[in-house]
Ligand SMILES: Cc1ncc(C[n+]2csc(CCOP(=O)(O)OP(=O)(O)O)c2C)c(N)n1
Ligand SMILES: CC(=O)[C@@H](O)[C@H](O)COP(=O)(O)O
Ligand SMILES: [Mg+2]
């Protein structure tokens, strides 16, 4: 049946039995495909019935359907004309793992970063009403994404504008890990007796101020149950001027369709609370929703990850995690902060071993950074472990709350550079550029996992804001030195000496430079290879010395060329009137980089060893 579905119109003809059959086929297709490509399995399995019900009742693309984060949109993609291409999911040249307007008219908003759906949906609804168009706007947002401040900014304004907007809260009590925060408890009605008692006392004292109130209280008192019934998650949304409906079961297509039909033509902002199970319908994902939130390829029968042929080096994340715990056990001032990504950032070990100094603040990067500033002001040493791309959310907090008064916060910036399959919304493409402009901030990038350890150790020694950025993926498998070294701030490292071209590499591209050097040696060239180590402050004296000595400089970094490390070097040479030097900068061009395997992307962008060697040869011919 699924292969016959060319558009959502085809599902409107189906009866309930067929819809349930279709949901089984969709689940099967998603599990089969993601077991090969990897991807966001559990989120997508959790909204299969909800997707069918939404497309059954609403008329996309005339009606706008927005998927917050968009990681749960695989069923949506399968029934909106992408069944045939679904096997290319997240592959280079294939379909994206997130909704993309350039991919389909049914994708009305590009998502990837969480909690944008309500604001964008409200904007669309306002635009629709201003132009007197006849479209509905439906937003699907998860309980995790609802913990972000941006979501509340949207809710607050929606309640004020009172435009037609249907917000479906997909509540599975999971973010990537179990959801956190007072809102999460509130939503799942895990309300403490203390909270209900306090509410009753306040209500009683309020009502007893007037005779009418006395009578209302007397009635309520008699029906204790209705008092509890008053205290529902709906209260919060009703207070924000939403009509709250629910919670309803999120896997019952009949109830979902009936409910959506009933609310479709209601006026004003509506919040429909739907309860789902993350990973629904695939037992390994139901049992391990966190592991199957975003998974690599796996055996569809057992759910076990496909084992690598041989033992692989540790990831930068694992080395960061182990090193931080090692240091935090020695220094009781070290605290760890994540914005809803304890597993992705590697802080789960810290959470297990030093829970009193671990903080998961929910999807709230801005809050995470300013919360860290607060901890630092009290003499602690907070580490904010946030992916490069998500740190973009907290730029003002980095400047205003941490760097302005030079507080000792360490930013552990994981996923720096190209992340691969998640694509343009997730590449850590800009952190060196947006951080380099900020005064008081030291920026480091390790050449390998061993140097990451020393940088973390050094970061705690520097009594100022520090950013350490490292890539998604595995290290080189080098030995990890047990004894920590304090790196001299602002000093680079000459790895190989040479006399005809100076290659200055940032982070893991030091390895690229060393491989390129081997190629160039065969061509009779003798390049110098320098590990930049510090992106800010840069090693001015060393760079000027080698630039003058070799007359040719190439920089290579996995960051936007604009404002990146290469910019810093060219600014330096220009400011110091070092004019007789020929220079090339290798890095990310001024465009968003598509999704695909990291090595494929690096090759297409000229960030592999062969391309670096060719660039050096070409420069030397100038
Ligand atoms: C700004 C931002 N921070 C962090 C993430 C990483 N992230 C992706 S999905 C997710 C959890 C979302 O939870 P929820 O909204 O409940 O959706 P579910 O996976 O439960 O369906 C997180 C933290 C993100 N995409 N955007
Ligand atoms: C959807 C989302 O934003 C996260 O799940 C992200 O895809 C995680 O990235 P990693 O796989 O690099 O941890
Ligand atoms: Mg959730």
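Every residue, even glycine, has its Cβ placed from backbone N, Cα and C.
Unlike curated records, TrEMBL annotations are generated automatically.
Site annotation (TrEMBL): thiamine diphosphate is bound by 71, 112, 113, 114, 144, 145, 282, 365, and the candidate from 157, 172, 262 recorded at this site is 172. Per TrEMBL, the listed range annotated as region 'Disordered' is 281-312 (candidates: 25-56, 185-216, 217-248, 281-312). Annotation note: residue 113 (thiamine diphosphate binding site) sits in a coil segment as assigned by DSSP. Long-range Cβ proximity for residue 144 (thiamine diphosphate binding site), meaning a same-chain Cβ under 8 A and a gap of 6 or more residues, is found for 114, 174, 175, 176, 179, 340, 362, 363. Counting other C-beta atoms within 10 Å of each candidate's C-beta, the binding-site residues 71, 113 are led by 71. On its own chain, residue 143 (Mg(2+) binding site) has 169, 170, 171, 172, 173, 174, 175, 179, 183, 184, 187 as residues at least 6 apart in sequence with a Cβ closer than 8 Å to its own Cβ.
For the binding site of thiamine diphosphate, formed by 71, 112, 113, 114, 144, 145, 172, 282, 365 according to the record, the largest Cα to Cα distance is 32 Å, rounded to a whole number.
Long-range neighbours of residue 365 (thiamine diphosphate binding site) (same chain, six or more residues apart, CB within less than 8 Å of its CB): 339, 386, 390, 391, 393, 394, 397.
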